[in-house]
Each structure stands twice: as structure tokens, then as C-alpha cells.
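**Q** Just passing along the structure, written as C-alpha cells.
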Amino acid sequence: MFTKNVKVDLRDYKGRTPLSWAAGEGHKAVVELLLVNKVKADSRDNNGQTPLSWAAEEGSEAVVKLLLQNNVEADSRDNNGRTPLSWAAGSGRKSEAVVKLLLQNNVEADSRDNNGRTPLSWAAAAWKSEAVVKLLLQNNVEADSRYNNGWAPLSWAAEKGSEAIVKLLLQNNVEADSRDNNGRTPLSWAAATWRGKAVVKLLESCSLPMDN
């Protein structure tokens, strides 16, 4: 327990509380201690992010579970419209368990942020996030959702050279030759990256024209 003189919910210049920092570092024991002392579990920093959002980005399943048990808002949105699921999905492989946990808590799997990006879009651009992409697709998200600049998840995966994710998306009948607002296709993006050789071969097997 803290002494009476300690302000356990004091905010720093970013608007973050001790709980926000502990959650973002995945420190379960500290989070438990702060929650016992009745801190505000759903506090928002200057960007609108909650402790749950920070824990989700960190990929801390234990902290996310603890916060959900304290009835925080599972689908909270920050100032950019991103939810905890969006942050977890964008963290890739390390957040697979968190993505699964949030989906089990009935969050909106296909939520769009202020730029039109969905959790699937963020996951498609993340490193080694095939398992997260698969989880989202199993929850019937829109596989061909478009970001405000016209990029589909396939474009993000192609630009990153993520062969496994490109395969997953193609298996879900996405538009393989979709064009973004600049007229570029996933094949064009894959061809521009040094990691894209396998993806180029995969997309070329679909008999797609290479536009740039």
C-alpha cells in the first residue's frame, strides 16, 4: 500500500499515469498494486491512449487480462481512432495472445481508425504477423478493406515482402491487382522492395500486369 501523501494517479507531461507506464512495460505486479490502490484504470493520456491500449501494444497478455477484469473499456479509441486491438495487431507476432484475448471479449474486429486502417491492415504491415492475420480473418473481417490512400492489406503485405501473409490474403479472395490512389498495385510495391522476390513470383503466378 502507498502512503497517504503519494498521488498514485499523477500525470506527467504526456498525460500518462504510473498505471499507463506500468501497463506499457508489461509489469503485471506493479499494475496489480496500483489497481489495489484504486487508480483510474481507464485513464487517457494526451493522445487518448488508455493503459489497456499500451498493454496491448506491448503484447502483455497478463496485463491485458488484468485490466479487462477491472472492467476497462475494451474498445476504447484514442485521438487517432485506434483501438487496443489495432495497437495489438500492429505489434505483430508478440501480440498474438492479446489479439486472441481481445477478440474473445467481443471487441470490434473490423474497426477503422481516422485514416481508414483496420486491425488487419496494421497486422498485414507488421513483422512476422501471420498468426495475427489468420486470427482476424477467422473473425470474418473485411480482407480487402481500403486505407484512405487506397492501400488494401495485400498492398501492405506486398510492400513488406511478407510472402506468408500475401498467401493468406489471396486464399481469402482479395483483389490481387487492386490499385491504390496513385494507381500502384501490390505487385508494383513488392517489386520495389529488396524483400519482395518471393511475393513478386507469387503475384506473377496470378498473371498480373506490373504497373508502377
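Glycine residues also receive a Cβ, built from the backbone N, Cα and C atoms like all the rest.
Annotations in TrEMBL come from automatic prediction, not curation.
Straight out of TrEMBL:
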| type | residues | note |
| --- | --- | --- |
| REPEAT | 14-46 | repeat 'ANK' |
| REPEAT | 47-79 | repeat 'ANK' |
| REPEAT | 80-114 | repeat 'ANK' |
| REPEAT | 115-148 | repeat 'ANK' |
| REPEAT | 149-181 | repeat 'ANK' |
**Q** To what whole number does the mean pLDDT across the repeat 'ANK' (80-114) round?
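**A** On average, pLDDT over the repeat 'ANK' (80-114) sits at 96.
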**Q** Given a Cβ distance threshold of under 8 angstroms, which distant residues of the chain, six or more beyond its ends, lie next to the repeat 'ANK' (47-79)?
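**A** Same-chain residues near the repeat 'ANK' (47-79) but 6 or more away: 14-15, 17, 19-28, 31-32, 35, 41, 85, 87-88, 90-91, 94-98, 101-102, 105-108, 111, 113.
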**Q** Six or more residues out from either end of the repeat 'ANK' (149-181), which same-chain residues have a Cβ under 8 Å from its Cβ atoms?
**A** 118, 120-121, 123-125, 127, 129-130, 133-134, 137, 143, 187, 189-190, 192-199, 202-203, 206, 208-209, 211
